[in-house]
Amino acid sequence: MNPLPEDMENILTGSQSSHASVRDIHSINPTQLMARIESYEGREKKGISDVRRTFCLFVTFDLLFVTLLWIIELNVNGGIENTLEKEVVWYDYYSSYFDIFLLAVFRFKVLILAYAVCRLRHWWAIALTTAVTSAFLLAKVVLSKLFSQGAFGYVLPIISFILAWIETWFLDFKVLPQEAEEENRLLIVQDASERAALIPGGLSDGQFYSPPESEAGSENEAEEKQDSEKPLLEL
């Protein structure tokens, strides 16, 4: 059996590979692409992503938890009314916990306004609140007399400091990267849908038909049959 010329093999291989590539392109389903785009656009229309909503809930938890601790401290030190008048009306920086509560309110207002209302996608707001919280608490711990007032002199500053830094970590390592990743996925899906729209819809497999391999084999069989019939004719 005579082997096929190398040029013929290259032509057949190239036609098969081009046929496969066209099939790969047509395997893209525009309906699925549009469904993905609509799902991503639906998330955008909600105005806030799931991870950002979790962050806002944690910011609210920060305010409520510090408020709860402050109310407990008011009850422990002689009743809410008397202690509230002492810490708010007769405010003293060296002995009052009221400023720690106001610090939690400050964090809540800035972060909710920046990341829930304005939908900010930058870290400057959380950097501002964390820097102000850290500087104020460090100064208050060094200058005030909170440690002489019982366990709350330790608990409130430490809890407030930890919560502020957890918010920073959560926004910087969870919220912003995940939203950027979802935005990149949306761009990729939109780019794929645009490429799929450029492909003509009327193409069929018949337009890229290549001869089956059996035809090449049949030609070789015919040549062998003719060679075998020559000795019979000579006889």
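Backbone N, Cα and C define each Cβ position, glycine as well.
Unlike curated entries, TrEMBL annotations are predicted automatically.
Per TrEMBL, the feature compositional bias 'Basic and acidic residues' maps to 223-235.
Here TrEMBL flags 48-218 as domain 'MENTAL'.
The region 'Disordered' annotation in TrEMBL covers 200-235.
Taken from TrEMBL, the feature transmembrane segment covers 55-76 (among others).
As annotated by TrEMBL, transmembrane segment applies to 96-116 (among others).
According to TrEMBL, the transmembrane segment annotation covers 123-139 (among others). Within the same chain, residues 99-100, 103, 106-107, 110-111, 114-115, 157, 160-161, 164-165, 167-168, 171-172, 176 sit at least 6 positions outside the transmembrane segment (123-139) and bring their C-beta atoms closer than 8 Å to a C-beta of that stretch.
Taken from TrEMBL, the feature transmembrane segment covers 151-171 (among others).
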In the domain 'MENTAL' (48-218), averaged pLDDT is 86
In the same chain, who gets a Cβ under 8 Å from the transmembrane segment (55-76) while lying at least 6 residues past its ends? 48, 83-84, 87, 97-98, 100-101, 104-105, 107-108, 111-112, 115-116, 150, 152, 155-156, 159-160, 163-164, 166-167, 170-171, 174-175
Contact set of the transmembrane segment (96-116) with the rest of its chain, CB cutoff 8 A exclusive, min separation 6+ beyond the ends, reads 48, 52, 55-56, 59-60, 62-63, 66-67, 70, 73, 86-88, 125-126, 128-129, 132-133, 136-137, 140, 146, 152, 156-157, 160, 164, 167, 171, 175
